[in-house]
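A.B. asks: The active site, proton acceptor annotation in Swiss-Prot covers 181. Among the features that Swiss-Prot reports, NAD(+) binding site is placed at 20, 41, 46, 71, 85, 86, 124, 125, 126, 149, with the record citing sequence analysis. Residues annotated as substrate binding site in Swiss-Prot: 88, 94, 126, 127, 128, 129, 154, 155, 156, 157, 235. For 159, 174, the entry in Swiss-Prot reads beta-D-fructose 1,6-bisphosphate binding site. Feature annotation from Swiss-Prot assigns phosphotyrosine to 226.
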């Protein structure tokens, strides 16, 4: 099996056409990133309906071939994006989904690989860190070619809330959320900047994490999914846009730094766990994990998050 590959047709296979999968497909068409997009779902009628609906808007978008297919269509895909699985219910944590979705994923990944697929797999289903690890184990693909969406959405939420608070363009806010995509995630205050200026200069204190407004912003970030689920039942637009961003970094060989779920192998002193960290993403998947110089408290938070993920993973998947 190759450790590197050259994109062939810019073909993407989407497994799961629920809220996230269909939103991802719609976003892909609007941004014109791929040439081919195949929608795969156990409910073939649903996949067919989504493909037809999106195709009818093609005169307003960049030309792209979209159809409802089967796992055999993964054979020559550059990227397989998995959004299928049980959804997070109100009051349910992402980790509560483990047992249900591990079983689903074992079947999905085997079907993808049995097609002859030899590209990159991007996992979006929760708990994403654990399911990315399951995907890597079952697929046998090189570590860097199995990526979880990780904390890309949490980081985007964090940057948006900071930009709203300080009244600046969110594209000029540089700050990361690391760790589990879930309750043990944490903000990397020590590297938060606005326009190249450290965040502490905007609030006149070095103890950012103790500043009430900043703590509230992080809590809003961490708990955002719960608030959205309680109001509309599910989150899908934001994560779909995040998945498209990762897709673009892969297909366009961008070498972009994004907070994805990647397998740590000694980085940050942690091994054998997929977790949200900044990483360089290009046509081969994860090119390199960026090791930030964390404060002792931030390092402790990352280790705690990794420990929780390992414990939960080991109970559900060995």
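Numbering starts at 1 and runs along the chain as displayed.
Keep in mind that glycine also has a Cβ here, set from the backbone N, Cα and C atoms.
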A.B. asks: For the binding-site residues listed here, 46, 159, 174, which shows the highest count of neighbouring CB atoms within 10 A?
C.D. replies: 159
A.B. asks: Determine, using Cα-Cα distances only, which of these recorded positions is closest to residue 128 (substrate binding site): 20, 46, 85, 174, 181.
C.D. replies: 181
A.B. asks: Quick one: what's DSSP say for residue 235 (substrate binding site), helix, strand or coil?
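C.D. replies: It is coil.
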A.B. asks: Spatially, and counting Cα to Cα, which of the binding-site residues is closest to residue 159 (beta-D-fructose 1,6-bisphosphate binding site)? Options: 46, 85, 235.
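C.D. replies: Ranked by Cα distance from residue 159 (beta-D-fructose 1,6-bisphosphate binding site), first place goes to 235.
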A.B. asks: Quick one: Cα separation, residue 20 (NAD(+) binding site) versus residue 174 (beta-D-fructose 1,6-bisphosphate binding site), in Å?
C.D. replies: 26
A.B. asks: To the nearest whole angstrom, state the Cα distance for the pair residue 174 (beta-D-fructose 1,6-bisphosphate binding site) and residue 126 (NAD(+) binding site).
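C.D. replies: A Cα-Cα distance of 25 Å.
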A.B. asks: So among 154, 156, 226, 235, all listed as recorded positions, which is physically nearest to residue 46 (NAD(+) binding site)? Use the C-alpha atoms.
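C.D. replies: That would be 235, nearest by Cα distance.
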A.B. asks: Between residue 154 (substrate binding site) and the residue listed as 'phosphotyrosine', find the distance joining the two CA atoms and give it rounded to the nearest Å.
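C.D. replies: Roughly 13 Å, rounded to the nearest whole number.
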A.B. asks: By a simple count of other Cβ atoms within 10 Å, which of 124, 156, the binding-site residues in the record, is least packed?
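C.D. replies: Relative to the other binding-site residues in 124, 156, 156 has the fewest Cβ atoms within 10 Å.
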A.B. asks: Can you give me the same-chain residues 6 or more apart in sequence from residue 85 (NAD(+) binding site) with a CB-CB distance under 8 Å?
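C.D. replies: In sequence order, the residues whose Cβ lies under 8 Å from that of residue 85 (NAD(+) binding site) (at least 6 apart) are 16, 97, 100, 101, 104, 105, 125, 126, 131.
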A.B. asks: Would you mind ranking the binding-site residues 20, 235 by how many other Cβ atoms sit within 10 Å of each Cβ and giving me the lowest?
C.D. replies: 235
A.B. asks: For the C-alpha pair, I'd like the distance in angstrom between the residue listed as 'active site, proton acceptor' and residue 235 (substrate binding site), rounded off.
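C.D. replies: Here the two Cα atoms lie 14 Å apart.
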A.B. asks: Given residue 226 (phosphotyrosine) and residue 156 (substrate binding site), what distance in Å do their CA atoms have, once rounded to a whole number?
C.D. replies: 16
